[in-house]
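Copied over from Swiss-Prot:
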type	residues	note
REPEAT	138-164	repeat 'PbH1 1'
CARBOHYD	ASN140	N-linked glycosylation site
REPEAT	165-186	repeat 'PbH1 2'
ACT_SITE	ASP179	active site, proton donor
REPEAT	188-208	repeat 'PbH1 3'
CARBOHYD	ASN192	N-linked glycosylation site
CARBOHYD	ASN195	N-linked glycosylation site
ACT_SITE	HIS202	active site
REPEAT	218-239	repeat 'PbH1 4'
CARBOHYD	ASN225	N-linked glycosylation site
Amino acid sequence: DSTQALTTAWKEACASASPSTILVPKGNFAVGLITLEGPCKSSIGLQLQGTLKAPADPSKIKGLGWINLNKIDLLTIFGGGVFDGQGKSAWVQNDCHKNGPICKTLSMNLRLYAVTNSILRDVTTLDSKNFHVNVIGCKNLTFERFKISAAETSINTDGIHIGRSDGVNIINTEIKTGDDCISLGDGSKNINITNITCGPGHGISVGSLGRYKNEESVVGIYVKNCTITGSQNGVRIKTWPKSEPGEASEMHFQDITMNSVGTPILIDQGYCPYNQCTAEVPSSVKLSKISFKNIKGTSTTKEAVKLVCSKSFPCNGVELADIDLTYSGKGGPATSVCENIKPTIKGKQIPAICSGSAAKAA
């Protein structure tokens, strides 16, 4: 077990007044729960060439994260190595749909808290028991040439989940998993997601928002040059009905290719998984300044564009331009569904957006 060796190396490197790098060489290293804590005296690197392996038994890790990175400035993680969560046997325990209240919260592969001015590049997170990467309270953080991999059947294995963080960049990254490729929780600000391949999975999502009290607003989400393949959804914004009040604005999705995607464009203000909520009461999360531009490809559902906004707070300032989404299944061609929204439409629109009977009163 290399837990102690890595922890000791970190403490020594963190105490160094000059920049230092910890090398994990090629090979497999069993590692239990680890917390790598700052602040450090200088910049610090973790060069991961080998594979760190989590215990397969989920009960061996107490807490939300397997590898926890806390309060670190100027961190670089690189080297081509792998964080292997060994989650396959644990996923059945993560099925809240089946297990209900006894659904266990399992450990995430990487949990970053208050990490600033840092970069993770050329590493892989594999088979996490829960979310692969959780980013909370971070600032100026970049994921580049980052790779995330888990089976399509894995449960709750969001690729990168971000909350209450400012200035996170995810670029040139490949994500294949069983839940959202990227999910953006409350307090996500100035997030740039560029040149991502996503799928399988549930697409790139803002939310879900409005479930908890005192959520922070979401502002400045930019998703560009992405390819989404074989996922349940494409790009989506989801808020809970009967929600706490909240706001999300300046969310822009552009130049995205959809290959056999469930619902390529989705605003869902009645998001209610497992019917655990009161859907009759509209969402109190205000959505505004949203654009979907140059989004093309194929939908596996007839409703290729679904814009279902809140009756209490209709979506405001939504623009769709150059949409070309086709459906070749039964009852085709593709259609759009619109509720409580009057978007601005420009350029090509396949399917016709919010036309005729599809448009409900805003």
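Using the three backbone atoms N, Cα and C, a Cβ is placed for every residue, glycine included.
Since this is a predicted model, take the numbers as computed values, not measurements.
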CB contacts for ASP179 (active site, proton donor) [other CB atoms within 10 A, all chains]: 24
Closest of ASP179, ASN192, ASN225 to ASN140 (N-linked glycosylation site), Cα positions, recorded positions only: ASN192
Contact set, same chain, for the repeat 'PbH1 2' (165-186): CB under 8 Å, 6 or more residues outside the stretch: 91, 131-132, 135-159, 192-207, 209, 212, 215-218, 221, 228, 231, 246
When distances run from the Cα of the residue listed as 'active site, proton donor' to each of the recorded positions ASN192, ASN195, HIS202, ASN225, the nearest one: HIS202
Surrounding CB atoms that lie within 10 Å of the CB of ASN192 (N-linked glycosylation site), all protein chains: 15
Tertiary neighbours of HIS202 (active site) (same chain, Cβ under 8 Å, six or more apart): ASP179, ASP180, CYS181, SER231, GLN232, ASN233
Rounded Cα separation (Å) that holds between ASN195 (N-linked glycosylation site) and ASN225 (N-linked glycosylation site): 5
Tertiary contacts of the repeat 'PbH1 3' (188-208), as residues 6+ beyond its ends and Cβ separation under 8 Å: 152, 159, 162-182, 218-240, 248, 251, 253, 259, 261-262, 271
Per DSSP, three-state class assigned to ASN195 (N-linked glycosylation site): strand
Integer Cα-Cα distance in angstrom, ASN192 (N-linked glycosylation site) to ASN225 (N-linked glycosylation site): 11
DSSP helix/strand/coil residue counts for the repeat 'PbH1 4' (218-239): 0 helix, 19 strand, 3 coil
The repeat 'PbH1 1' (138-164) - residue tally per DSSP class, helix then strand then coil: 0 helix, 13 strand, 14 coil
DSSP helix/strand/coil residue counts for the repeat 'PbH1 2' (165-186): 0 helix, 14 strand, 8 coil
